[in-house]
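Once you've had a glance at the structure underneath, I'll fire off some questions.
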Amino acid sequence: MAAPSGRSQSSLHRKGLMAADRRSRILAVCGMHPDHQETLKKNRVVLAKQLLLSELLEHLLEKDIITLEMRELIQAKGGSFSQNVELLNLLPKRGPQAFDAFCEALRETRQGHLEDLLLTTLSDIQHVLPPLSCDYDTSLPFSVCESCPPHKQLRLSTDATEHSLDNGDGPPCLLVKPCTPEFYQAHYQLAYRLQSQPRGLALVLSNVHFTGEKDLEFRSGGDVDHTTLVTLFKLLGYNVHVLHDQTAQEMQEKLQNFAQLPAHRVTDSCVVALLSHGVEGGIYGVDGKLLQLQEVFRLFDNANCPSLQNKPKMFFIQACRGDETDRGVDQQDGKNHTQSPGCEESDAGKEELMKMRLPTRSDMICGYACLKGNAAMRNTKRGSWYIEALTQVFSERACDMHVADMLVKVNALIKEREGYAPGTEFHRCKEMSEYCSTLCQQLYLFPGYPPT
């Protein structure tokens, strides 16, 4: 066979370079985020020792993270440790969605403690998130499940598609505006002290998968709320702790452990966010048993949590407080409000309403997704109305507005929303959030100030 000519060799070389360039560009688009890779690396030994793969691999296969050939390659390794190592070698090469899908699979296979470990590490790594392009959309395709009024609709960029709006992969755009030195100097003397680094500890507890005899459904969209809040609190300067799918007893025990952490002594505030099904005065564990909110507040009161005495404590409750859907009333001579097209669901439990008293505590403020007796609305793709509004307001106005006033703005956003789910009880439904406060001073979060 004749040797290739110089021209042929040059052509082959160019084609090889083009192919390499294509592979490079594909990896740039499809590779795992560096923070996710670093998170897996930092927990590699623990994961290699503790992962239980038999069911986990099926979940990853279903999510198109691994192929049948990859599953066979992993299973061909001798011993669980070697199999786990092989999976950990593959994951960083399986695209930008692989980390989130892996975390979800851990949760679905009752390995939530490993997911918590990964998310806590990720929060520690992401001290400062780079700003993302963010603007507001004025029109949305009908296929989007739920939206704010058009002028409030967040999107990724000017050419965002409908998939980027409701794929549930996390907050579409989140950037907290920093407080200016001038604003801080003008307000800090009349407000709670908020200067510690971190500002305080934050706990985000999200129950999504329920078992037991209660008729409590999977909280589709709950993962979006969790991811959004973890990101928001991190950007506001908090050290975030995460918990998933806890029984009522586990919630009580872990909330108590969180309240007793020594770090509260040297920080200036505390945040607790609880996301679950609920009734008036209580929230459900994944076992269908109730944890009374009275008990939650008791754990952080002045008697039981002296480390937080005279410090502001913020609570956010995304759960129903009853099972009544607010049908709303016609507004006299009112403007036509844009509907919120969506796959609406309710966080109400399917049992008789339980009445529980809510105690008054000092230096606390608690935001509720809905009024007493009512159900809270949650979109199966975008997450709950309340958490979406809370995130929008806090990211935009924490720089120049105190928390109580921000919660008033959250109320205003929730008031404008209207469900869109033709043929269901949630079509044209309404929701009204509220808050109660025993704060004794103005509570400014002063994001980004003083500079670290």
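In case you wondered, yes, glycine gets a Cβ from its N, Cα and C as well.
This is the feature table in Swiss-Prot:
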| type | residues | note |
| --- | --- | --- |
| ACT_SITE | H277 | active site |
| ACT_SITE | C320 | active site |
| COMPBIAS | 327-336 | compositional bias 'Basic and acidic residues' |
| DOMAIN | 32-121 | domain 'CARD' |
| MOD_RES | A2 | N-acetylalanine |
| MOD_RES | S157 | phosphoserine |
| MOD_RES | S340 | phosphoserine |
| REGION | 327-349 | region 'Disordered' |
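Relative to the rest of the structure, where do these features sit?
Under DSSP, H277 (active site) is assigned to coil, being neither helix nor strand in the three-state scheme.
The number of other Cβ atoms within 10 Å of the Cβ belonging to C320 (active site), over all protein chains shown, comes to 29. Under DSSP, C320 (active site) is assigned to coil, being neither helix nor strand in the three-state scheme.
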Tell me the Cβ neighbour count for H277 (active site), meaning other Cβ atoms within 10 Å of its Cβ, over all protein chains shown.
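Result for H277 (active site): 28 other Cβ atoms within 10 Å.
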